[in-house]
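Q: There's a structure below that I have some questions on.
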Amino acid sequence: MVWFKRGIPSIKTTDKRDTPEGLWSKCDECGAALHKKQLEDHLYTCPECGHHFRISPDLYFSFLFDDGAWDEFDGQLRAADPLTFVDTKKYPDRVRDTMQKSGKSEACRNATGSMGGSAAVISAMDFGFIGGSMGSVVGEKISRAADKSVELNAPLILISQSGGARMMEGAFSLMQMAKTSARLTRLGERNIPFISLMTDPTMGGISASYAMLGDLNISEPKALIGFAGPRVIRDTIKRDLPEGFQRAEFLKEHGFVDMIVHRKDLRLQLIKLFKHLRG
């Protein structure tokens, strides 16, 4: 026997709809919740505070080259293991695992295309592959990008996004600092423009070599740029560091960076600079 009868029908429930993974991102600077489409429309910068998210080489290629069209070269190069290095895992295993998880083959990609109707070469680093560290393959790719620039008589853009040298390759990694720097002198000998774009982060052996050798050294806003990290420096000198130390704005104020350019202005600014440098 039913003692109580529901007078009003119960609220109907529907199956829970899962929000697609990766649809929303949180700004690291201001905490704003940003939709994927919103980020794409703003070239992965926060519309609220201007924070620049780290992006991969193919995204730089897509908005810097005319019509988002480019041709990649030297993508087949792979890291060797000259030291048979082992930390928590063998170096070849770490590279293989990173390739499988990220879908990337190395911490640097090279591409040719046109910018403003003229040929250009871009070599871009990727922090998502072992911290964007520079090993022998990255050094070789950057050197070949310089060679391609000479071959095409086209301006070169190097986009840095790296924690520094790749410790798993030891001295072979450090040698890339001299190798890339020497190769870039060929552009200066032929009056071919070379612009270095520093993004967050540009650290260690990268900042101590080619990242600071451009005809113009430009940066995205608030990029971390330096050799050793702030904590290491503070612990060494036993003093507090100035506000904003090693950020792009601080370096520009002290003459180490020529220009800070928002990502939305980057393409047109680079085209303008190339025309100026070409005379």
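Note that Cβ sites are derived from N, Cα and C of the backbone, with glycine treated the same way.
Model, not experiment: these values are computed from the prediction.
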Q: In Swiss-Prot, which of 27-49, 50-72, 142-164 is tagged zinc finger?
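A: Swiss-Prot lists zinc finger for residues 27-49.
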Q: For the binding-site residues CYS27, CYS30, CYS46, CYS49, which one has its C-beta crowded by the most other C-beta atoms within 10 angstroms?
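A: Buried the deepest by this measure is CYS46.
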Q: Same chain, not part of CYS27, CYS30, CYS46, CYS49: whose C-beta falls within 8 angstroms of the C-beta centre of the Zn(2+) site? Give them in sequence order.
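A: Once CYS27, CYS30, CYS46, CYS49 are set aside, the remaining close residues are ASP28, GLU29, GLY31, ALA32, LEU34, PRO47, GLU48, GLY50, HIS51.
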Q: Under a three-state reading of DSSP, tell me whether CYS46 (Zn(2+) binding site) is helix, strand or coil.
A: coil
